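Peer 1: Relevant sequence annotations retrieved from TrEMBL are reproduced here:
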TRANSMEM  A:12-30  transmembrane segment
TRANSMEM  A:61-80  transmembrane segment
TRANSMEM  A:141-160  transmembrane segment
TRANSMEM  A:189-210  transmembrane segment
TRANSMEM  A:222-250  transmembrane segment
TRANSMEM  A:262-280  transmembrane segment
Amino acid sequence: MTGFLQHTFDGLVNGAFYALLALGLAVIFGMLRVVNFAHGAFYMLGAMGAYVLLAELGVPFWWALVIMPVVLGVLGMALERAFVHRLAQLDPLYNFLLTFGLTLILQDLVKSRYGVQSIPYAPPAELNGSVDFGLFDFPTYRVFVLVFAVAICVGVWWLLTHSRVGMVVRAATERPELTRAFGINVGRWVTPVFGFGIALAGLAGVLAAPMRAVNPLMGSDLIIVVFAVVVIGGLGSIFGSVAAGFGIGLIQAWGVVYLADWPILSQTLVFIVMAAVLMWRPAGLFGREEAPA
Amino acid sequence: MRRTAGLAAASAAVLLAAGCGGGGPSGSGDSKLTDDKIVLGVLNDQSGVYADASGPNSVKAVEMAIADFKAKYGDKAITKNISVESADHQNKPDIANTKAAELYDRKGVDAIFDVPTSSAALKVADVAKAKKKLYFNITGATTALTGASCNKYTFHYAYDTYMLAHGTGTAATQQGAKNWYIVYPDYAFGQDMEKKFSAAVEGAGGKVVAKDATPFPNDNFSTFLLKAPTLNPKPDTLGTMQAGGDLVNLVKQYNEFKLRDKGIGLAVGLMFLTDIHSLTPAALAGTTYTDAWYWNFDQQNREFADRFMKETGTRPTFAHAANYSAAMQYLEAVQAAGTDDADKVVAGLEGKEINDVFLRNGKIRAEDHRVIHDAYLAQVKPASEVKEPWDYVKVLKTIPAAEAFAPPSAECKM
Amino acid sequence: MLRIENLSAFYGEAQVLREVSLDVAAGEVVTLVGRNGAGKSTLLRCVMGLHAGQRGTITLDGRDVTKLPAYKRARLGLGWVPDDRGAYASLSVTENLTLPPRVGPDPWPLERVYEAFPALYTRRDSAATMLSGGEQQMLALARVLRMGARLLLCDEPTEGLSPLLVQQVGDLLREAKKHGVTVLLVEQNLHFATGVADRHYLLAEGRIAEAMDNSEVRSRERELLAYLGI
């Protein structure tokens, strides 16, 4: 039982990263119909940025947690205006290729400056210990990651459900054309929403820096799983992406433990779940079929 | 890829026919050297996961060997016209294949060095065999290079999975690690390492309590780390066969879950000095692994490391020292043979016993071209004992050359 | 109020509207009738600014709006009632009503909307797609009334509704007309059309085939129904 609780907790921590990244992908896809392949690269930039701030400027983790999302959010908005925007009217494949190319460029830029070897980044001293939950103890930093990520997801959810901005974003996400017909300048919201999604990826990157290998390629493998998460949750479904993020984290953790004798199965579990969901509900668990107008 | 490979091979063949009049070693004038020169080729990963452990600095190491060779022989050197060509294989077998052919055929390379990533290393062995040109593999780990895929022109120089697994598995078990939990990445290298490691542990009287394949690549090892203390009997050592970024992930999380405080030590299958540098010695303090060479082991190594530092600004990994050594031994063999004719050079190298900065009690086995030498069971120092940058390790034990490597495999047919 | 001149529209290579010209005066209710595929919905979409491939001129209150994006046209007083009723699943009923900005001189306050549509009030916090088809149609109309739109573009508002609800839609449109609202209506239900509209255009193969008044439609009802295939 203790083991089960521990693994459940652990799965949620891992799921927190999926949830934050999937949430960003979902808002971007919803508003722009762009599958942002560069999301993993911005996650990487978040972590690398935290390292640069600490190692070269002496800026601690807590500030990085604020600075990196803002910096990357602004960078994201600039990229949206400069590139993504120009391809908006074309086949979505063009923007997929654009963001894919962007990923390679960002990775190689970082590579040329910092190399491929992972870079050290220690958790902040105040989160270095363990929290005793009675039945088991757990690294303080991971508890923090979970609480923080849940708070961010709840915050974003609240913003989306309780503010006029959130209402507009939901409407534009669900039916962009119809929303324009109701007098709303959907285009005006596209750039900030793109920046916001990127900022979430950067935030996840900063959170990852103390507990994962920080290197130029850290986002490129993760993003494949996150795409699966988004598909399972339903493309563009904000609630679905968060729920699927935590859900996949749990399934992976349980899978590794309870399917230990079938590593092939536990390693591909995410994609097995994805295939099953797609067969049962092609639009994803919380997705809706694309509606016209 | 296949298409470019075909094109490159075709154009190389055209050039060969046009330029070399049919190919084959053909001396010009009195010299016994093809084109009056020796060209060494370094084929490795110039910007990927092995770029720091080997990469561009291995090219530097080979250049150092050339300079030392020229200084040693002066006017008596077989030629002063010795150069280096390098190429990036991006750890991809098909690119390695194309680049190797290009180096041999178009760049006039006499011997190829380095070549990390086992699948790429094996491809280049095939090319060397077909072209009848020398190939010193340094950073490939697979024992197949001296097993089923061995050939007359291929030498395996620095280490292999047997050396890594047996060094650490046997020595660490003898030193008190009785119960092991082994995690390994689920691909050829990891599976091979796990088998050899488990065999070594059990051969030394230890017990493998559990072993788990992990996804590759993987950034989350927490599930395995949570599982470790709950196993019965509780393991005293976690053996990880992860490498590169995966290793960094695992070690970070091992520390986060404070497994060392819970009585579970860490032993690593393959680790380069650059890995310790990027994780910081504090994160790895107490970790054991097998090293093929360590820069601060003795005065001779240190002198080489100081010169290397001047050239590159960093301390050498075993891969750098091994590239230096292999280049040097190749040039010595050409000098001794008085020709760069591949068959004659190979004949001179086979069975040769060598002691140099990298090879201690070294011997080039004629049977399978495994270059055997002393290996070292190493342990990462606690941060308090690290007195200078890059001096992260103490050598616990020298593993004699004869024990460090497996006996020649019956699978190798020269 | 609305003037369309030489409007042609295309879907890729296919031309769906051919040189259509028509006028709708302020306070008028005008219907477009025609077979499926005659171009009625496309014409409404062109007016709203939702159709990309078009040629011709659209003027609103004497102002050329042909190049104006949809959201700006809406702010000039256009109210869009799409054929699928345009209910947002991710918005509650109240949010569906308050999403569009107020665009006209006489927007209905939310209280008045709920007074007129008690069914919407009781479901005000539910997702709009949880409403019945009829309720969704009421929502679509209520939404444009709350905007205070001066020209309603209604795409088959009675489709699939029970006779009682059709009656209710008719009452609403007549009420709106009484307050000076102009309506351009796509409609297949001739009986309903003659009940609310002043004039009718018959659209055939992308052209205006005939302009008719109520009495003409009534007298030719049998012939027209046969033509429309109903």
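Even glycines carry a Cβ here, placed using N, Cα and C.
All TrEMBL annotations are machine predictions without curation.
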Peer 1: Need a quick answer: max count of Cβ pairs under 8 Å to the transmembrane segment (A:61-80), which of A:141-160, A:189-210, A:262-280 is it?
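Peer 2: If we count Cβ pairs closer than 8 Å to the transmembrane segment (A:61-80), A:189-210 scores highest.
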Peer 1: What residues elsewhere in the chain lie close to the transmembrane segment (A:141-160), defined as a C-beta under 8 angstroms and at least 6 residues from its ends?
Peer 2: 9-10, 12-13, 16-17, 19-20, 23, 123-124, 127-128, 131, 166, 169-170, 200, 203-204, 207, 210-211, 238-239, 242
Peer 1: Which of A:12-30, A:189-210, A:222-250 shares the most C-beta pairs under 8 angstroms with the transmembrane segment (A:262-280)?
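Peer 2: Against the transmembrane segment (A:262-280), the leading stretch is A:222-250.
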Peer 1: Does the transmembrane segment (A:189-210) come near the transmembrane segment (A:222-250), with 3+ Cβ pairs under 8 Å (pairs 6 or more apart)?
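Peer 2: Counting Cβ pairs under 8 Å (6 or more apart in sequence), the transmembrane segment (A:189-210) does not reach the transmembrane segment (A:222-250), since there are fewer than 3.
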Peer 1: Sort out the residues at least 6 away from either end of the transmembrane segment (A:12-30), same chain, that have Cβ-Cβ distances under 8 Å to it, and list them.
Peer 2: 36, 39-40, 43, 142, 145-146, 149-150, 152-153, 156, 169, 172-174, 193-194, 196-201, 203-204, 207-208, 222-223, 225-227, 229-230, 233, 235-238, 240-242, 244-250, 252-253
